[in-house]
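Here's the structure, in structure tokens; my notes come after.
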Amino acid sequence: MADNLVIVESPAKAKTIEKYLGKKYKVIASMGHVRDLPRSQMGVDTEDNYEPKYITIRGKGPVVKELKKHAKKAKNVFLASDPDREGEAIAWHLSKILELEDSKENRVVFNEITKDAVKESFKNPREIEMNLVDAQQARRILDRLVGYNISPVLWKKVKKGLSAGRVQSVALRLVIDRENEIRNFKPEEYWIIEGEFRYKKSKFNAKFLHYKNKPFKLKTKKDIEKITAALDGDQFEITNVTKKEKTRNPANPFTTSTLQQEAARKLNFKARKTMMVAQQLYEGIDLKKQGTIGLITYMRTDSTRISDTAKAEAKQYITDKYGESYTSKRKASGKQGDQDAHEAIRPSSTMRTPDDMKSFLTKDQYRLYKLIWERFVASQMAPAILDTVSLDITQGDIKFRANGQTIKFKGFMTLYVETKDDIDSEKENKLPKLEQGDKVTATQIEPAQHYTQPPPRYTEARLVKTLEELKIGRPSTYAPTIDTIQKRNYVKLESKRFVPTELGEIVHEQVKEYFPEIIDVEFTVNMETLLDKIAEGDITWRKVIDGFFSSFKQDVERAEEEMEKIEIKDEPAGEDCEVCGSPMVIKMGRYGKFMACSNFPDCRNTKAIVKSIGVKCPKCNDGDVVERKSKKNRVFYGCSKYPECDFISWDKPIGRDCPKCNQYLVENKKGKTTQVICSNCDYKEAAQK
């Protein structure tokens, strides 16, 4: 029997660590939190200094029993949950359930799950850091007080199943504020003039810049006519050439927020998926002969700091692969996170390259690991050097300008370039070699009318970035917050951008009217600052809670008395119930919209909303192929005659048969291209854009 018991959150993490520690250690998983506030009641005594009432989470009884059995037999119990506030709280709850000594040095933390890091952490166990626990408790109790007081009011006055929360309500506000900006936006006319110029055999483009040596706004067609009237023929002169060398530094290694943003843009991953895959990489991958190893450092962090050991290893790799000139000469600029002395997200070893790891990883694991690895290695590489040139092209009072750039030294761009929501500006644009006084010919002068555009709706990446910039929430809260406002049907995705629903706007208006603090950005930011102060030991958690609740409970009382009941009318479905003849209406359920009888509860008939794709079922040739959604919201195709016909396909049938085997053809999407393939054999048609 092992003398030492180690408790971690997950079986995957337990399996990895046990291999490192040897036979004297037994490592078991708590399966996350074992204690929490009860779901059936508030669980916070507002009359007794906000004392929380923690209970064993439903279904965790057998886990707790197993933990107690092993703890009783062990000489030493070590708590090795994750190295953040949440992990510290899990360790504290475990110590209470197992009745461990408060002053016992039994807490071990490591930022990466590698043999050296884990063994080193066990040489330096410490006491549970109660300031971190209290910061987590304060957040949990705050969220419980808000949710359990506002939600019943919304259920009573608006609709059952609604919720509001400190972070989710601000996230919803951001989406709605942006939508209102778009609705209120008044487009303004403007024009641009682009010219195509020729010098010898080279052609290049330039834009109108000045009229009579001053900026001249092209607001209307009259302005255009004024400029075109001033032009005299097609001959222009180069009146100024400005050459500069520009340095572009690599982006810092990932934080939680920047990882979620970049994975959304480059890999099309949702925030929740990014965190799930990152957790797998952190907790350990079976590398066969090398054993199970955590491939990345802890993935919930707001720090860009890198350890000296990791920097040295990256420098060695870069020197060997690219040469000394590609290594960074800059001093470290990484920021320390607000939550503890974490590092940025990086590979646990630069020497474990994505290509070497590919055979051990799933497709998603490989893509995310490659992104993390390349971003980190690039962050330790030399800047890129760009040669820029600006040409002023003049005729009389009219001046055009052409800007060009070429890459002189690629540096980090050899490996990795950060993407943006908008078009990146790092593309090469070569201009012919021209000197002041050279003559060029205009081959085309083209005015174009434009209108100003409203601000774009939020993508998931942009919403995460905005939440981080405003200091709303923490690395661990971004993904669940975005998930919640979608599950509650407060927002929906259209073309990968968030649009508020009618329900979302109704809930927002009520929260805005009766609980203004909850959606106030400054209030939410100040609360995060107070939580940080609790973690640093500068203020007690009870004082923070009391400062909030004393005014909040008055808002709750006012809302209960004054908020008017709002009736949300169901959308007509346009057909009658086949059971009782009453009109069918469209309802919103857990997995999206569905049809239900308006005569509920007397009639409980429901139907899925199906969308025909205009193709006959290839199996029965009687029903139509309709688009449906799985419980995980994935689109699939079935027969309208179901259950009589059980045809099903993940790919969209196109209504034609394969010329090779006569089975049905489908559209198969791979990234940004769509291919027509056979559902049965290897027949393929050319990819379509």
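Note: Cβ is positioned from N, Cα and C throughout, glycine not excepted.
In Swiss-Prot, the annotation zinc finger applies to 577-603, one of the ranges 145-171, 577-603. Looking at the stretches 8-36, 298-326, 530-558, 617-645, the one that Swiss-Prot records under the feature zinc finger is 617-645. The feature zinc finger, as given by Swiss-Prot for the ranges 58-81, 106-129, 490-513, 658-681, sits at 658-681. Sequence-distant contacts of the region 'Interaction with DNA' (163-168) (same chain, at least 6 residues past either end, Cβ-Cβ under 8 Å): 142-143, 146-147, 150-151, 154, 467, 472-473, 477, 481, 484-485, 488, 507, 511, 515, 518, 524, 527.
Candidates Asp82, Arg139, Arg488 (recorded positions) were compared with Tyr298 (active site, O-(5'-phospho-DNA)-tyrosine intermediate); those inside 10 Å Cα-Cα are Asp82. Cβ-based crowding with a 10 Å cutoff singles out Tyr298 as the top-ranked of the recorded positions Tyr148, Trp155, Tyr298. Per-residue confidence over the region 'Interaction with DNA' (163-168) averages out at a pLDDT of 91.
In sequence order, Gly161, Leu162, Ser163, Gln168, Leu503, Gly504 are the residues near Arg488 (site 'Interaction with DNA'), counting only same-chain partners six or more apart with C-beta under 8 A. The number of other Cβ atoms within 10 Å of the Cβ belonging to Asp82 (Mg(2+) binding site), over all protein chains shown, comes to 24. Arg139 (site 'Interaction with DNA') has Asp82 as its nearest neighbour among the recorded positions Glu9, Asp82, Trp155, going by CA to CA distance.
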